[in-house]
Amino acid sequence: MKRFISSILMTTMLMATLFAGAAFGSPVQGQSADFIEGQLVVSIAEQSDSYSIQSTDDLLIHSASLAQSGFAVTNSLFGQDAGTFSVQSLDSDVKAAAIEKMGLVYLVEYSVNDYASIDSAKQALKAKLENLGQQVRYISENRKMYALETAAVQDVSVQAIHNNQRWHYDMIKVSQAWGVTTGSSSVRIAVLDTGIDSNHPSLSNLVNTSLGRSFVDSTTLDRHGHGTHVAGTIASYGPVSGVMQNATLIPVKVLNDSGNGSMYGIQQGILHAANIRADVINMSLGGGGYDRGMDEAIQTAVSLGTIVVAATGNEGASSISYPAAYSGSIAVGSVTSSRTRSSFSNYGAGLDVMAPGSNIYSTSPNGQYRSMSGTSMATPHVAGVLGLMRSVNPSLTPAAARTILRNTAQPAGNANQYGYGIVDAHAAVLAAGGTPQPNRVTTTTVQTDKTVYQRGDNINITARVTDQQGNALQGASVNFTLTRPNGTTVTGAAATNSSGVAAWSITSNAQTALGTYQISANTTLSGYQPSTANTTIQFSAGSGGGDTQAPTAPGNLISTGKTSTSVSLSWSASTDNVGVTAYEVYNGSSLAATVANTSATVTGLTANTAYTFTVRAMDAAGNRSAASNAVTVTTDSGSTQPTTPWAPGVSYKIGDEVTYGGATYVCRQAHTSMTGWEPSIVPALWLKK
């Protein structure tokens, strides 16, 4: 939607015009700024079968009467190529469904100097068409549509998107949904926007340009930025991961390089998406107000099984804007990280659900990343959830999808402000027919042989992958990404060995840039949820002779608490000639945790098992101390209470067992139980035995 807010989060400024959009104000009904001057959209009732679409096209195109009055038919929504203009090719069933709802739709141009007002032009055109024997259903302005309103935007350094910039996905429970499905390449999401940068490293394997089409120029490539950001939220991989990890993104370019389009062009895009059997249409755009042709185009797509989702608008108004306000659209508003309605988000009757839309990190053209705000950013979260739902239930109808989103939404507040609540990806996917995959969680840790390097050094990187019990996972794929200070990347991949370790090395040289480097390790393993770990290293200007003095060993390591699955530890601080930067906690010879303070809790342990821990200190140069004293701790044996039926409002601790629905569940996190069907649908809290 227009007027989303871009956050300035990097020091390297792009040229101010690189992704500039036109600065349109909020359109006012009836003003010329609200529609494209000299263009009208006309719908003519279909006549008998003997009078073909081609006949109507030929009649209108070659009508001397229309030409004499200054009218020229420049596009036919459903006709054949008449040699005067190109038209989109629609399958016969799509064309029949569309014509039944929309009639025969044409774009007509005229000279504004020939008519005193747009109403007089409409009246004249209607009279001419009726004189030609045509039954006019409606004539409307070709209203302007918008993606955004901003003078300039700035991209975000890839380093800024690491380190847990995923609050928006956590809020809508995407990770839990991935325990059911991460998506499917058979699910098609049509992004009606400014195009998509199909060469972006986080998108290139997901975008299908052959299915896409541009209705504004000759390419679906995004030279604006809005569409690429929207697409990355729906589905992407790498430093920023979208709601879906597997999908087919289809660029349907209906907005130009300035972020502007028209009602007629968007109708073309909707019908194209329906024709290629898109599962979901995402429209993060708005403007113009109600339009009968747009309404009927959305109805056509929905009747053919495509789910349409649209943004409610960014004026902070008490009524939602079009196209979200059409009955066939699922209307999405925006919330902040504190779960409150974003100040810019429109609200009111017809609002379905909310999703995160403030300061959202996603993809940007030319391999970059960007933080943006707006209902434009909230909407693709819901489009991605709908894609996950279609992944587990390809026959899910648009009506059923809307009902599921509403019924599973997380309560957020007043319905007028929040609709049915904040979308819940996990609950929605389960309600759509997904089956939970229990006990399939990976944990990735990543470390380097030191933290400060000099030119010519080898960078040795290792990642360790375990399951939720801390057991090593062999055969997991680890994709490493090293991001240079200028944002460019180097990638590598390795599989974990029998110890769950994958290794990757890079050799620097005399030209290696100085500064901070970001390293990420992204793990995938069939049947398991993916996981990611990040760390940073430094390249200094020294040529040798740097700090080689290790810190003193930590002292007085003791256990300060334990459960059946965790042990808490504390120790005395180390000293160093420069300064201690971190402490590494080892479980035997395996790194269990890295912390900045003098205490840690090691989790994922097995009940009634002895573990031996040590701690080492590390300084900024990567020097590690000798090990602390060792401490051996035996975990608790777990719950000894008899198994009882689950009940709401009860305080459960880790290891407690309950029965529910004829099955036995083990508590995975200490909590006070909620109402409803908690054990069977919240695997983060309960593990089915």
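Just so you know, glycine gets a Cβ as well, placed from its N, Cα and C.
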Per TrEMBL record, range annotated coiled coil [choices 115-142, 143-170, 171-198, 647-674]: 115-142
Inter-residue C-alpha distance, Ser376 (active site, charge relay system) and Asp193 (active site, charge relay system) (nearest angstrom): 10
Per DSSP, three-state class assigned to Asp193 (active site, charge relay system): strand
Distance [Cα-Cα, Å, rounded] between His226 (active site, charge relay system) and Asp193 (active site, charge relay system): 7
